[in-house]
Amino acid sequence: MSVQIGNIDLGEFPLLLAPMEDVSDPPFRYVCKQNGADMMYTEFISSEGLIRDAAKSRQKLDIFEYERPIGIQIFGSSIETMSEATQIATKANPDLIDINYGCPVKNVACRGAGASLLQDIDKMVAMTKAVVEATHLPVTVKTRLGWDDNTKNVYTVAERLQEVGIKALTIHGRTRSQMYKGEADWNLISEVKKNPNIEIPIFGNGDIDSPEKAASWKREFAVDGMMIGRASIGNPWIFREIKYYLKTGNLLPKPTIEERVEVCKIHLQKSIAWKGPKTGIFEMRRHYANYFKGIENFKETRMKLVALEDIEEIYDVLEGIKTIHAEVMA
Ligand SMILES: Cc1cc2nc3c(=O)[nH]c(=O)nc-3n(C[C@H](O)[C@H](O)[C@H](O)COP(=O)(O)O)c2cc1C
């Protein structure tokens with residue numbers, strides 16, 4: 001059965017690209033979309049930043065037609081600010097607005113926002129209602145199992161947020177206290193999905209890193225779709241690999257070294273086109289090690305890639321990888 005969020009038809013068992021700060025920007029989203037991501041989200045955007053008109057937050061509102069369906073994710077601690085930020089984000093014309101109730105970090109931006117709201121469900125519900133009322137777009141939520149081991153309240157949270165009008169819920173199978181440690185636990189996600197009162201799609205998130213795991217957890221936990229974060233970094237092929245495996249039961253061959261180079265080049269091109277040459281080249285540096293993970297003796301090549309400032313020279317080094325490191329991938 002096709003999964004629907006408002007009027008958005010996501011097809012059967014959609015795979016979502018997780019919102020990731022400093023990662024899920026338009027250049028990265030481009031390569032994920034090319035490789036089968038069914039829906040994507042922006043990095044989280046500070047509601048305070050948006051209403052202050054901060055350049056960094058505004059830039060994150062940039063979305064492109066080919067990315068659809070795409071959600072803009074916002075976070076904040078003040079209901080009023082979140083409502084205003086929703087109106088600003090709506091003007092950027094995404095397909096939906098997503099609220100972040102999962103951020104575990106205690107820095108200034110996240111204080112009282114993100115997963116903190118899991119400690120004050122009434123405020124979380126009021127904030128969600130305000131966001132739903134501030135936009136004509138579908139509103140979705142991303143959250144965790146609860147604050148800590150003693151307060152895994154996502155079952156109730158799901159019901160209460162559905163009541164105020166959210167159209168889908170993504171649950172990361174960890175508590176706030178776990179941060180990113182330990183294994184994600186999808187049992188409670190599955191219970192939420194099985195709750196007879198829940199009608200909205202429930203997406204599972206946390207630790208999906210292979211087609212086999214995706215297939216097995218799909219069977220075991222019976223969610224409506226999955227959101228994938230870290231395993232897509234330097235590996236946007238994961239979406240098409242999972243899809244192929246779910247459809248045929250067979251594994252696609254791993255991307256060749258040529259493919260890795262080509263996709264990395266596209267990512268770099270898009271990065272430069274969107275951020276300008278200086279920032280585009282600089283911010284791409286964090287991705288090289290991921291694209292070429294597992295390749296022996298890659299250090300020297302990587303050192304070159306992260307030192308060079310000239311685009312043509314970077315392309316030359318990338319092209320060189322095809323021959324220098326080809327044998328390792330065979
Ligand atoms: C680098 C990084 C940045 C992240 N930024 C966000 C964010 O902006 N918004 C959000 O809801 N979650 C964020 N997350 C959490 C992911 O969306 C996801 O819930 C988490 O990584 C678990 O999924 P995974 O095991 O597939 O990576 C971030 C995670 C990472 C690793």
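Just so it is clear, glycine is given a Cβ too, placed from its N, Cα and C backbone atoms.
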Same-site FMN binder from HIS136, HIS172, given that TrEMBL records GLN73, LYS142, GLY229, ARG230 | HIS172
Three-class DSSP assignment, ARG230 (FMN binding site), comes back as helix
Can you grab the distance from ARG230 (FMN binding site) over to CYS103 (active site, proton donor)? Cα atoms, rounded to a whole Å.
-> 15
DSSP, reduced to three states, assigns HIS172 (FMN binding site) to strand
List the Cα distance (Å, whole number) between CYS103 (active site, proton donor) and GLY229 (FMN binding site).
-> 14
Considering all pairs of residues in GLN73, LYS142, HIS172, GLY229, ARG230, annotated in the record as contacting FMN, what is the maximal C-alpha distance expressed in whole angstrom?
-> 17
Collapsed DSSP category at CYS103 (active site, proton donor) = coil
